[in-house]
Amino acid sequence: MGSVDGDFEGLQAADRRAEVIEWLNALLPEYCLPLDSSDDELRELLSDGTVLCHIVNALIPGVLEESWGAYASSDQHAGHVKKFLAVVADMGLPGFSVKDLEEGSMSGVVDCLLVLRESVSSGLRDGTSKAPLRKKWRVPETGEPLVPGVAQGKTSPGEDKRNGLPDPKSQQKTPIFNGRKLREIFQLKRGSYADLPAAKISEMMHSNSLDNAPTQSLLSVVNGILDESIERKKGEIPHRVVYLLRKVVQEIERRLCIQAEHIRSQNVIIKTREDKYHSKIKALEILVNGTNEENQMAINRLQIIKEEKSKIEEKRKLGEQDVARLMKEKEISENTIASLKKEMEVMTSMHEQQLQKIELTAKQMEEHLTTKIKEVESLLVQSNKKIEEVEAASLLKSQLWNKKEGIFQKYMNSQQLYVKGLRISSWSIKNEMHALEMELRDEMSNFGSGLKCLVDAAENYHKVLAENQKLFNEVQELKGNIRVYCRVRPFLPGQDKKSTTVDYIGENGELLISNPFKQGKDGHRMFKFNKVFSPFSSQAEVFSDIQPLIRSVLDGFNVCIFAYGQTGSGKTYTMSGPSTSKQDWGVNYRALNDLFDISLSRRNAFSYEVGVQMVEIYNEQVRDLLSNDIAQKRLGIWSTSQPNGLVVPDASLHPVKSTSDVLDLMEIGQANRAVGSTALNERSSRSHSILTVHVRGLDVKNGSTSRGCLHLIDLAGSERVERSEATGDRLKEAQHINKSLSALGDVIFALAQKNAHVPYRNSKLTQVLQSSLGGQAKTLMFVQINPDVESYSETISTLKFAERVSGVELGAARSNKEGKDIKELLEQVASLKDTIVRKDTEIEQLQLMKDKVKSPSFAVDINGASMPKNSNSDLRSVLSITTNQQSQLSDPQSYAEVNRDGGPTSYTDITPTCLDEADFEDNASEDGFSGGTDYSVGCAAGASVFPNSCSDRTADTSIRRISSRIARFSLTKNGQPATSRPKPKDTAPKTPNQTRVQSSQLIGGSSLRASKRWQK
């Protein structure tokens, strides 16, 4: 093992030596010492101290300003080493001994150089200055001639031999070129080589200065001459400069050849040393294999020790478990003792109070008796004195004293009787105190019974108050008022909780807001809503109040819930929740989860189908959040109530079966939603998010259907631009958000004033909410406010808007239920539409083939019979009437109602009657209609090509059957026929284009595709 450790230490020392050599080659490339050099080779390079001085000057330029020649005495070499050691000592670094450099171990020298490298590199990183060190070691120049040695790039003598350079001793007789003149030539500025005299160039050539010059200097001379030739206009160079350039290039080529030869020799040396290291490695492997048995024995002993250690640890764990169990038992006993002590202290305090009262009474009696006894004792003392005086005075008066003794005896008896009476009176006083205590207890019990009566009366008052609130809510529901729930956001971490604008939150929806800038009565304002949630209300508490409203969706009612408030007030927190954990679920997740639970409990009586749409309104554009298409087309909005309840029919509708499906879709929608960072909120919603849940129910027993629609809307926050510090895209988003919220305020104001015209078309948001705000739906609004003082103005404006919303009466909501007969009727109408679409397609194909041979006024069929082109208009008119009757049956009240946007609406008058095909397509794209089958002008005329075909007969039979059923179902309860909307008399006759547009709308429109989604 000892030999292995020694070899390892030797390898480690070799690695450190190679690291120092690599650093020296990078710092002084002219030496180029091989990396696998031994300690002797490194000592040979560093022994004269010249390289050490060059290292100091290279790391800290100017510290030792002196040239060191290749030929110097041993004393000068020792002086160079001492200078290096002095510089290292002044830097506060460990040095080495001169003997180590001469014949000792080189480990100290290697460590010193590594520490010097690390110190200088760390000093350069820290930006420390070396100016004091330079000033301290600045050596004045001497008059001795400088031999161009290592300072000008000359290597040491040993290195000269290895590199094949001529020995400097053979060049002692050559003329020595002064170093200062050499620097003058090599440091000439651009454009001055041509002015260099020939005598100086010849002197430099004959003095052999090019052999001693550094390679970098020679390259700089070449570059300078070439640059000067380029800058000259004619490119002429003097012959002396050309000669100088040739000599410099030859010198560079010679050095490159020498360097290549040196590299080849070094490769041979490296190969031999690599073989030597391989042999050493094999020897080390043999040594390692020999120690395997010892290692196995040590491993066995270690395994036994580990087993004993594991046993000890198990015992220690058992002991710790016993200690923990005893500690728990001790804690339980201590808690029991503490509880008993508390009970004992309570009982002791009660007894002490009673005892103090009794002791006070007894003390008073004792004091009174003590005074009486003292008086008796004083009388006894006086009597004894008198007896003694009488006995001492005269025995003659004994008889007199005997008489007096009898008198005193009687007096003592009377005094004893008096003391006995006092004792009896004390006992009577105690009995009176006991009687008083009993009376006090009776009075306390009577007081408790009276207090209980008061508590019962207060509970009855709260019950009556709750009943009144329930009746008020029922009245509000009958009126169709928008329910308004207010939720106060809690303070964020770091905010001052004392500076709040919310002064009071009542149990019945009262909210008192204080103005921090005003005092007195003017600084407070009271608001009244259906419910106010405090900052400490949980998500479950918020949902429990709106749960009955959401459950009515399964009964066929339309419900709309939207959150309104400024940016950062918690709208998304209320609607979606901060995370997908069940505890933090918002209204969206809880509503869908509740719908699935109820549908599961009713599965024996009803069958429900649930579909989810999720869109957003971003910069007045409707985008589908559940679509995989990134470059989405613009989605349209239906401004009228459709039979299938779809407001945005082109948005993707995803059927869901469980809560997990909803969570996956909501994650996709939240990831696609537009959010951004503002000064008010790090993740601010930059769009209006609309989650629509479509529920279709089927009664298993009677086959009737119900359709409910739940809109869960998370509005973007209203914000002031100066507070949000929005710029660029954020400013544009804020402008669109404020514009849409302003349009919503205009709609609410018009509804509150009951105006005939309600501006729903001013914004995409109000178009989506038209079906909810326009009546026939249960609507609820969450108002989110910030309690901090800085948001006071936004809070007041938000609450004023909510107060205006709470006064809007929408009318009683209606259930969208359809009987079994109506369902069959709708299915027959859908099949009839499909038949007409197929027939029109066939007619269009045949018409294109026969257009050239047909007359403009009549169309000839295959058998030669002719008939008018508009013979198919009867079929289309019946289809139009059927569609109108269908809308009456599915929604009887909406047929007679007047659209708040300016007039009555139905399917037949959605399309303008005075527009051509291009105008209709433009308007349809603006209003959100997606076009169906495109009919040409000849399509209407081609309806008479096959008048006696089987398809016509089947269609006529279906129309007659549907018309009879419509006539039967259109009667009211009193047996009177239902009134239909009168047709305007001044309507212009329909053109073929108008007929084509209406047939396209009725047969191939997006309403047909949307209705089929629920029939799959």
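Glycine residues also receive a Cβ, built from the backbone N, Cα and C atoms like all the rest.
The ATP binding site annotation in Swiss-Prot covers Gly565, Gln566, Thr567, Gly568, Ser569, Gly570, Lys571, Thr572 and is backed by sequence analysis. Swiss-Prot lists 288-354, 820-852 with the feature coiled coil. According to Swiss-Prot, the feature compositional bias 'Polar residues' maps to 884-893, 990-1004. The feature domain 'Calponin-homology (CH)' is assigned by Swiss-Prot to 14-121, with sequence analysis given as support. Marked as domain 'Kinesin motor' by Swiss-Prot: 481-808. Here Swiss-Prot flags 123-176, 884-912, 971-1016 as region 'Disordered'.
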Study note, to complete from the structure: The answer, for which of the binding-site residues Thr567, Gly570 has its Cβ ringed by the most other Cβ atoms inside 10 Å, is Thr567
Study note, to complete from the structure: Per DSSP, the domain 'Calponin-homology (CH)' (14-121) contains 69 helix, 0 strand, 39 coil
Study note, to complete from the structure: Residues near Gly565 (ATP binding site) by Cβ (under 8 Å) yet at least 6 apart in sequence within the same chain, in sequence order, are Lys571, Leu715, Gly717, Ser718, Phe782, Val783, Gln784, Ile785, Thr798
Study note, to complete from the structure: Mean per-residue pLDDT in the domain 'Kinesin motor' (481-808) works out to 83
Review point. What three-state secondary structure does DSSP assign to Thr567 (ATP binding site)?
Key: coil
Check your understanding: When a 10 Å sphere is centred on the Cβ of Ser569 (ATP binding site), how many other Cβ atoms does it contain?
Key -> 28
Check your understanding: Per DSSP, to which secondary structure element type does Thr572 (ATP binding site) belong, with helix, strand and coil as the options?
Key -> helix
Exercise for review: Just name the winner among Gln566, Thr572 (the binding-site residues) by count of other CB atoms within 10 A of its CB.
Suggested key: Thr572
